[in-house]
Amino acid sequence: MSKKGTIGVTSDNIFPVIKKFLYSDHEIFLREIVSNAVDATQKLRTLASVGEFKGETGDLRVTVTIDEAARTITVSDRGVGMTEEEVEKYINQIAFSSAEEFLEKYKDDKAAIIGHFGLGFYSAFMVSERVDVITRSFRDGAEAVKWSCDGSPEFTLEATDKAERGTDIVMHIDEENSEFLGREKIESLLTKYCKFLPVPIIFGKKQEWKNGKMQDTDEDNQINDTHPAWTKKPADLKDEDYKTFYRALYPMSDEPLFWIHLNVDYPFNLTGILYFPKIKNNLELQRNKIQLYSNQVYVTDEVQGIVPDFLTLLHGVIDSPDIPLNVSRSYLQSDSNVKKISAHITKKVADRLEEIFKNDRSTFEEKWDSLRLFVQYGMLTDEKFYDRATKFFLLSDIEGHKYTLDEYRTLIEGVQTDRDGQVVYLYATDREAQYSHVKRATDKGYSVLVLDGQLDTHTVSQLERKLEKTHFVRVDSDTINNLIRKEQPSSEVKLSDVERSSLIKLFEARLPREEKKHFNVAFESLGTEAEAVLITQGEFMRRMRDMAQLQPGMSFYGELPDSYNLVLNADHPLIARVLAGEKEAVEPSLTELRARVAELQAEEQKLSAEVQGKKPEEIPAATKEAQENNAMELAKTEGSINEQLTTYAQGNELIGQLIDLALLGSGLLTGEPLAEFIRRSQRLL
Ligand SMILES: Nc1ncnc2c1ncn2[C@@H]1O[C@H](COP(=O)(O)OP(=O)(O)OP(=O)(O)O)[C@@H](O)[C@H]1O
């Protein structure tokens, strides 16, 4: 028997297309050819188990060999093999037409196909100038045949000698792809794609270092673990087995925190193990660690679109023959199986966390810091996950105690409800820098949370939206009496208008002048025991700015300067001392100017009364002019007062010292201003 033929092609020659196709992904040929060998082996096992094959199955292994001199890679199996008719049918017709169909379908979208599955046998032509298939069917009396094709649509098919059942695929590697003739290259590809195939894959012998070089030992070099942990029953696995498997997947990683063994067979098939890694404070670095398999064949480690975004932070393996692989990612997301799979995994992950929380809260709390970012990300991006996570999401207070949302509410409700019935959650983002504010709050009997994570700003907004009558306020956003506003109004500030405006000028004169910071002087009556001067930063603007840093489209807030309040405690003796000093040193020379200001202000009021209710055109020109002149003189006189106050303030160390103490109390005094503060303090001492 010897035969020549032409593969039934519609297009002239699709081989050049195959060669170019997926140029950067030529390596997948090895996965395709080895998994065909594994399929053929599995089929034989099945036939043997149902009694259709009665002979000896023998050692069912797949071997991969390289012959550098002959420039070939051979993949051999002892599976079902093919008869001549089967070669005609499967290799010439089915394999060819499916390759052609595949190319036609995805010629514009090839990069988007998951793991580039489906090209099958013909992917061998991406790297070969000729491919031989030497095969003998398992059927009694079947004769061996050799099919050979050099990449043109012509092939030959002839009888050949082959003692054993099974198939050898011999790929004659072309010049361009010589790299695939290297042992290390092939070993690394086999490790990537075939590490967990269910039939032993043997690639040469294990090597050892001997007489100054690497030499073969007698032991076969088996690439794969045919029974990876995820294919076993959870009941048969110990914690150590899960950890060992994790190390096999990610040799350099820290130990995982927890894991989930997935095992579903209805309404779709899915197995796998997902691990919770320690997530450091950077979301991006953690992605793409989940490996996707289809019946133990590695497909891809890019699982976006298959699992919700936040789950891509997990590590591990998902194996599902029900995820359609030869489709584009955009199609995937709308596939109903994929949607179900995605929802199922989300639920399992939440259930598992809840279970650990309930059964072993102390371990859960211990690991919470490494879990928190993941849980928050899930809550923020997945409503269903949010609902489930509210049972185990934890808030940490300044002392490190951890509470669920419900527990915390119960704890603070009594003391921290304001006059409008809002429960106020106080928090610090930096317990060191905000220490003095934290202390004031805890001294007052308030609880303070620590929210210093990458996603906390978003979480705060989410909780305010989700929880009723809930308001989050950072400890330094107002003075202690105003953080949580109660029934009794805070006591009145007893300062005259002139005193107020003098103090504003005096302090403004010494406030730091920075482009990115804006200070506003305010007054409060905080009692003689409280600080003389302190700095607060309004919650709303600060939060908007924090958000702007994390979210594109909010850059408007990001560009605004940081806005702070410098709060002067009118009750404090040091403020009284500043005023007294100013009154003694500056006021005498201001007497005339102050009197003039009073006159001008009275005049201004009189003129305003005259024009009140009149349209601009009804106001006499003389009145308008008088108003303008009056305003100009007022500004000028006030300017002179301010000048003198400023000059005085600049030479007054007490004011400088008070401001610096307030900056220090909010962690805002650094660099040269801090050095100057130290020098001044020494002088004063
Ligand atoms: N090593 C082998 N032993 C026996 N039959 C084989 C072997 N390799 C390929 N075949 C036959 O050739 C057919 C076509 O192979 P091809 O890889 O193109 O497609 P497939 O395996 O059916 O699908 P896939 O696209 O998932 O690889 C197979 O279905 C099988 O019948």
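Backbone N, Cα and C define each Cβ position, glycine as well.
Among the features that TrEMBL reports, ATP binding site is placed at E32, N36, D77, M82, T167, R329. Annotation source TrEMBL lists domain 'Histidine kinase/HSP90-like ATPase' at 25-177. The region 'A' annotation in TrEMBL covers 1-329. As annotated by TrEMBL, region 'C' applies to 550-685.
Feature map: TrEMBL annotations on the structure.
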| residue | record | Cβ contacts under 8 Å, 6 or more apart |
| --- | --- | --- |
| E32 | ATP binding site | L119, G120, F121, S123, A124 |
| N36 | ATP binding site | G120, F121, I169 |
| D77 | ATP binding site | A37, V38, A40, T41, L60, R61, V62, G166, T167, V199 |
| M82 | ATP binding site | Y90, I91, V133, T135, S137, V145, T167 |
DSSP on D77 (ATP binding site), three-state: which is it? strand
Output: those binding-site residues from N36, D77, T167, R329 whose CB lies less than 6 Å from an atom of ligand 1, in sequence order; none if no residue fits. N36, D77, T167
For the region 'C' (550-685), the DSSP helix/strand/coil residue counts are 104 helix, 8 strand, 24 coil
By a 10 Å Cβ neighbour count, the lowest-scoring of the binding-site residues T167, R329 is R329
Diameter of the ATP binding set by C-alpha atoms, the set being E32, N36, D77, M82, T167, R329, in angstrom: 35
Assigned conformation of R329 (ATP binding site) - DSSP reduced to three states: helix
